[in-house]
Every structure is written in structure tokens, then in C-alpha cells.
Amino acid sequence: MASIPFFICFLLVLFLTVIAGLAAKRRVKETSDFTNASGSLTSGMVAGALVGGFVGGTSIVGTGELAFSHGLTSLWFTLGGGVAVILLGFTAQRFRQMQVETLPELIGLQYGAQAQLGSSLFLSLGMFIQVVAQILAALPFVSVFWQTNLSVLALIPSFLIIAYVFAGGFMGASLVGTVKTVMLVALLLGTGVWLWATIDGGMYVKWWQEGRFQLIVPEAGMGWAQGLSMLIGIFSTQAYLQPIFASRSTRAAKTGAITAGFLIILIGMVSAWIGMFMHDVHPELLPREAIPQFFLMHSPAWLAGAAYAIILLSVVMTGAALTLSIATILNRDVLQRYSTRFVEETRKLAVSRLLILAVIGVSYAIVCWDDRGQILHWAFLAMTLRGVTIFFPVIFYLFRILPVQSKWAVAAIWGAPIFSLVWSGWFLPITGIDPLVISGFWSALALLIGWWLVRKEPRQNDMSLRHVDTR
């Protein structure tokens, strides 16, 4: 059981972040404050929002879980994610020129209403899957306080996600994310120093001989496809583009994103290090318990309490960022588009909050149904689904490969995620080919056909006119 110093430090960290959230709530006066902070974020707040939105249960607990079982191949999630966030910084100016609040809004402007509806639904589904992964990752951290059934434990992170996102929407997420990021980096840097001083050279030699430094491990389902899924998933996720849209300037967006990318990679490396260490020292543990039990077994009670609060906040903040993005997309790009009943600011805000409750409620039910799922596998599925839906449509926009016939854009945006889901369920076990390859190929091919047909039409018209003139 946790001791008094553990509880004191745990509650102190939560208190500090609640203060930040309440400070943000005072600044929320309309929907734009709630969804994108009215474009006022500094570079530090952009970094905090990105790290706060990305580094959660998947990045820490999921990486430690997979490292415990298979070694450094667990780095694909944070390595791919960190590189993608850095690249996001270098393309920040182009993204900010979109002048849109959501990615489906951009899709609608470029490819039409049907394409926008498909992107809204499949992006929301992809983010929803990762919310499930966050609640799963929180379970080992809340079980330290008392042992009870899963349905009760899962309520705690679910309520915390709702509380943080209600406390101020995106403004709250960015401020709390900044506070949490500072504490998380300090915690993991200190942990890295401790591991460096504790682990002798013999353990590293043993890991090398066992093949635990390999990045590609087929039996774990980890390889280049997972890293690529992270790259396209980040560029296709509303939660990670929202800080770019909400920054006060392009420079703030670029600096914040590059800083966040390097921090994400660092956090993943330390999490994997802990998982590998715990595999050798405590092989009897369940893989998912590697990170939580490390702090209970190998740190003072006060530090363990702070660590539990910080990592639990990481889980909650990521879940909150994803949940807010789902609510924003469904509210703005589906409900507002097809109904005029919610155009008033107060009704918009009420609908956003009702959607948040619905997302968390369904996520909670799925966690209770499948509590044995591996965290990173849920996360990679989520990234693949989001990525294949709109990565290539967004890339075509960024590189001005336009226009594209709307029917082919619709075929790409609706077809790719459906291919991905069907392939994952039926053909992946038979062929071993990642669904990202098949669905990504279809998306790019359909868009290229649509682009080529548009370019072909003027030439055909011109040839017809010349034929008429010669007669």
C-alpha cells in the first residue's frame, strides 16, 4: 500500500495542475477559447500542449510494457512520433496558412462535402481508439491505491479526463500540459541519470547478446511500418495540429514543435530503458506493470507519489486532448454542417461537452470489455486509421497537387480506412503485409487518378476546339 509521503506528493502535484486548469478556465469566454485558445499560445505553451497531448499512457506505460517483453523495438511509437512532431514544426507556416479550425474543414474546402464527412468520421474513430488505450494505461497507476474490480478502477481516469477538458478546453490543456511537461522531463531525466549510475556494463552486453537492442522484431509486430504509421498519423491528427493552429505566430509554432519532438524521443528512450531494466530485475511482473512498479520498488515514497501523479496526468492529458479533438470535429464538421439548431455559442459549447461525455462513456465500456489488450497495438491501429484517411489528401494540398476530381477524393478518403480495417481483420494474419501499405497505396493512387483526370480535361477540350477550327 502507498505511504503517507506518497499520498502527500501525489496530491501536491495534482493540486498544482488543478490551479493551472482553473487559471485557464477564467480565460474561456467563447467556443474559440475552448477549442483553440483563440490563437494565443507561446512557444512554451505549444511545446507543453504537444507533449501533453502526445506523451501519455502509450508513450510511457506502453513503451515500457513492450520494452519489458521485446526490448528497444518499443521505441517505434515515440521515435516516429518525435520525428513527425519535429517535421510538423518545419511545416508550421503552411499549416497555419490553412485558416481552418479542423482538418476535415480543410478536406471539405479542397475535396467537397462527402470527403469532409468521411474524414470527420474516420478521424474521430481513430482518435477514439487511442482514448481507449489511454484508459487502459491508467489502470496500473490507480490500482496502487486500492484493489477493486476493473469497472471501478476505469472510472477514475475516465472522470479525470472529463474534469481536465471541462476545466478549460484547449486553453486548459495547453497550460496544464506545460506544467506537466516540466515535471515529467525533470522526473525522467533524473530517472535516466539513476539508471546510468546503477546499470553496469555487463547488463548492456547481456541485452546485446539477447537481441534486445534490435528495432525490428517481427514476432512483436514491430518494424518500419509502425514508425511510418506514426509519421502519417501525427500529420493526420487534429490533437497534434491544434497547438499549431492555436499558436500566436509561426515562429512560436515551429520552436514549440521542434522542442516537443526532441522531448518525446527522450521520454520514449527513458521509458524503454526502465522496461528493459525491470525485465532483468523483476521478471515475474506483468509487462504493463514495469513502469508503475519501477517507481514503487526503486525510488523513495515521496518521489514515487510525484511520479505516479505526473504519469497519471500524462495519461489524462493525452486522453483529454484526443477527446476534445473528437468533440470539435464532430460538432463543427458534422452537427453544425447538417443542423442549424446549435449555432448559438452557448449551444455549441453545450454540444461539445455532451460529445465529450459520450466519447468517454463508450471508451470506458470498451475498456471494461477488453482489459487485456496491449496498449501499443491499440495505439498503432489508431495512428494507421487516422493516417490513411487524410495523410495523402493533406500532402496533396501542402504540395499543391491540385485540383483532384471530387469522386476520386471521396474514394480515397472513404476507401483507405475501410481497406485498413478489412485488411487488419482478415488478410493481415495470412499475408503479413501491414494494412498501412495497402490502404496508403489505394489513397495515393485514387488521388493521383483524380488529379490526372482533371489535368487531362483541358487538353481534351483544347484538342476538340482545334478539330472544329480545321473543319
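Glycine residues also receive a Cβ, built from the backbone N, Cα and C atoms like all the rest.
What TrEMBL says about this one:
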| type | residues | note |
| --- | --- | --- |
| TRANSMEM | 6-24 | transmembrane segment |
| TRANSMEM | 45-68 | transmembrane segment |
| TRANSMEM | 74-92 | transmembrane segment |
| TRANSMEM | 121-146 | transmembrane segment |
| TRANSMEM | 152-175 | transmembrane segment |
| TRANSMEM | 182-204 | transmembrane segment |
| TRANSMEM | 224-245 | transmembrane segment |
| TRANSMEM | 257-278 | transmembrane segment |
| TRANSMEM | 306-330 | transmembrane segment |
| TRANSMEM | 350-369 | transmembrane segment |
| TRANSMEM | 375-399 | transmembrane segment |
| TRANSMEM | 411-430 | transmembrane segment |
Sort out for me which stretch, of 74-92, 182-204, 257-278, 306-330, 411-430, has the most Cβ pairs below 8 angstroms to the transmembrane segment (45-68).
257-278
Is it true that the transmembrane segment (350-369) and the transmembrane segment (121-146) have 3 or more CB pairs under 8 Å, sequence gap of 6 or more?
yes
With CB pairs under 8 Å as the measure, which of the listed stretches 182-204, 224-245, 257-278, 375-399 comes out on top against the transmembrane segment (306-330)?
224-245
Long-range Cβ neighbours of the transmembrane segment (411-430) (under 8 Å; 6 or more residues past either end):
107, 111, 114-115, 118-119, 122, 125-126, 381, 384-385, 388-390, 392-393, 436, 438-440, 442-444, 446-447, 450
Could you give the residue numbers and ranges of same-chain residues that sit at least 6 residues beyond the transmembrane segment (375-399) on either side and whose C-beta is under 8 angstroms from one of its C-beta atoms?
57-58, 61-63, 65-66, 74, 77, 91, 94, 103-104, 106-107, 110-111, 115, 118-119, 122-123, 125-130, 132-133, 136-137, 221, 226, 229-237, 288, 409, 412-413, 416-417, 419-421, 424, 434-436, 439-440, 443-444, 447, 451
